[in-house]
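*Asks:* One structure follows; several queries about it will come next.
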Amino acid sequence: MEKYKRLSNDFVMSKSIIIYIYMISIFLYFILKFIVNDASVHIPLIFRIYYITLSIILFVLLKQVRRFYKRYVSKIIIIFFSLMIFISSFGFIMKIYDANSLIEIKNYINLSRESILLIETFASYVLTEYYLERRKLKIESYGILILIITCTLLSYFSNLTILFVKIIYTVIEIPAFIKIVMNLKKSNYLREHGWSIIKVYISSTVLIFLINIYAFNNGQYIKDALIEVIHFANFTMLWNFIISRLVKDPYKALSRSLNDKNGELDELNHEIELGNAKLESSINLLRSKEYLYSTLFRFMPHPIIILNADNDRILFVNKQFLKISGISKKREIINKKISNYIDFVNNNAENKDYDAILYIGNQKKFIKAEFLPYYENVSWKLLLIKDRTSKVLVDEIRKEVENKQIEESIRREFLSNISHDLKTPINVIYSAMQVEKIYVEKQDFDILKKYNDISKQNCISLIKLTNNLIDNSKINSHYLTPRLENMNIVEVIEDNVMSLVEYVKLNNIDLIFDTNTEECYLDIDREFMYRIILNLVSNAVKFTKDGGQICVVVNESDDKVNISVKDNGIGIDEEFIYEAFNRYSIGGNCNPDRKSGTGIGLFVVKQLIELQGGKIEIKRNNNLGTTVSIEFRKGI
């Protein structure tokens with residue numbers, strides 16, 4: 001039922017308007033009949049001029065309002081009014097090219113009547129199908145357009161008769177007319193509420209059909225006149241309807257919409273005025289709070305910085321910050337990046353008293369910078385600064401004094417150890433020489449050999465200690481440089497190990513040398529390698545019990561050479577591994593029967609190895625003992 005109501009609303013016209021249009025059409029025809037000559041020809045042509053003029057006016061108006069109306073309906077109207085222009089214009093074109101052919105003009109008028117009837121029929125059919133069944137007949141509409149144009153042209157340029165065209169048109173009109181009547185019967189609402197242009201079309205079509213039957217044998221002139229009046233009235237009625245519904249109504253709707261919008265805008269303006277009043281009140285409140293905060297920040301005893309939350313640029317600083325930073329005027333720092341003045345650092349055990357550094361020219365101050373969360377908002381953030389420079393400097397001085405005390409204690413202990421390490425071998429050698437003199441006189445060579453070995457062992461200890469002291473001194477003064485020569489490292493290591501076999505054996509320890517290659521040439525310093533092997537073997541002796549074993553192994557691979565000194569002694573402490581190569585570091589796990597040493601041996605070894613382009617590593621074995629590994633890259 002709703003779709004029929006839509007149809008009635010779109011097509012209903014006032015009964016009085018319809019009667020008025022028909023009466024005016026009849027009256028106009030009679031007026032023209034008395035004015036023009038040959039009314040059967042000139043009145044239809046005058047009507048055609050009327051059709052052309054109103055169709056063009058409709059096109060101009062429709063172009064402005066198409067966006068307010070249904071596109072499909074606008075296209076249908078354009079198609080059928082275009083046909084009216086074409087049909088109406090064709091007669092004048094014929095008259096221009098063939099002014100004396102009255103027969104051709106009359107044939108054109110008869111053909112145009114049939115075409116106009118087809119246009120009215122199909123337009124009514126297409127619109128009722130769309131509004132009642134929601135069917136869009138675009139292809140059929142363009143087909144009618146092509147058919148009428150083709151028939152019109154063929155009737156003029158060929159022998160196509162009016163009768164044949166009429167038959168073609170009638171074949172199309174009858175089913176369309178029947179469908180329109182069926183659609184109209186479905187609309188009880190349409191029948192009950194006023195007159196519609198569809199009703200008028202049906203009535204006028206039936207009337208034309210009856211006129212054609214009545215005038216089949218006589219009254220041709222009356223028939224033509226009545227049909228012309230009916231078409232004229234239908235066209236005028238449709239034109240007025242379209243102007244009213246598709247032009248006036250959209251503009252009225254637009255006007256109502258604009259009035260509604262103006263009303264809404266007035267309400268919105270009133271709300272905006274109220275909002276502006278509230279905003280002005282809020283602004284005044286903010287200004288008072290801003291003044292309060294500004295006064296508070298200016299006179300705070302601690303340095304304060306306000307930053308832009310988006311780009312960390314400085315918005316405000318108080319006098320205390322200017323004082324601590326040595327800046328005389330605020331404008332020198334406002335809108336500058338905070339990173340230009342303060343470097344934020346990680347707070348850890350070393351700098352627990354500060355987390356930022358304030359740079360003042362070439363000087364710097366240690367500060368505690370804290371962002372206050374209670375004073376943050378979306379646009380700025382507040383930074384509170386505490387100067388911790390004095391405390392940091394005092395702590396640094398205290399640490400420096402403590403370090404000096406520790407160094408002095410280590411130095412005294414070191415000197416004490418050195419004096420002991422120097423005096424003990426010398427006393428042993430001196431005592432052995434005195435005892436040897438007695439056994440020389442007794443010619444007891446076994447005892448002499450024993451004391452010679454004791455003297456040799458202590459001489460090796462003295463050589464090692466002397467070399468370490470000299471190397472340590474050169475390292476401190478950056479004077480120690482290697483004399484690199486390309487030589488067979490396997491031979492060098494083996495010679496050094498063999499020279500220490502007897503020394504190690506005196507401690508009831510076996511010294512073993514092994515290699516996976518006989519020749520491997522590297523750029524090394526022979527003296528450095530002797531000191532390295534001597535120190536590492538001596539250290540291994542300290543951590544190895546009687547009956548133990550020390551292995552020196554040389555392994556060559558594709559791109560490197562590895563020298564390892566491995567013992568099966570008690571091993572060094574896990575904690576000592578990380579500081580074994582520090583100066584004056586002394587391990588606590590050495591054999592109580594051996595001397596503990598000075599603590600510079602491994603330090604010197606590491607420096608000697610690195611000067612030759614190598615690296616050293618120390619680790620505790622899984623079972624027992626310690627392994628020291630030296631690695632040299634080939635070609636370096």
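Cβ atoms here come from the backbone N, Cα and C positions, even for glycine.
Automatic, uncurated: that is what TrEMBL annotation is.
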*Asks:* Of 251-278, 391-418, which span is tagged coiled coil by TrEMBL?
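*Replies:* Spelled out, TrEMBL records coiled coil over residues 251-278, not the other listed ranges.
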*Asks:* With contact taken as 3 or more Cβ pairs under 8 angstroms (pairs 6 or more apart in sequence), are the transmembrane segment (139-157) and the transmembrane segment (163-182) in contact?
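*Replies:* Contact criterion met.
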*Asks:* Excluding the flanking five residues on each side, which residues at least 6 beyond the ends of the transmembrane segment (229-247) place their CB within less than 8 Å of a CB in that stretch?
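*Replies:* Same-chain contacts beyond the flanks: 10-11, 13, 17-18, 21-22, 24-26, 28-29, 47, 50-51, 54, 58, 61-62, 65, 69, 73-74, 77, 84, 113, 116-117, 120, 197, 200-201, 204, 207-208.
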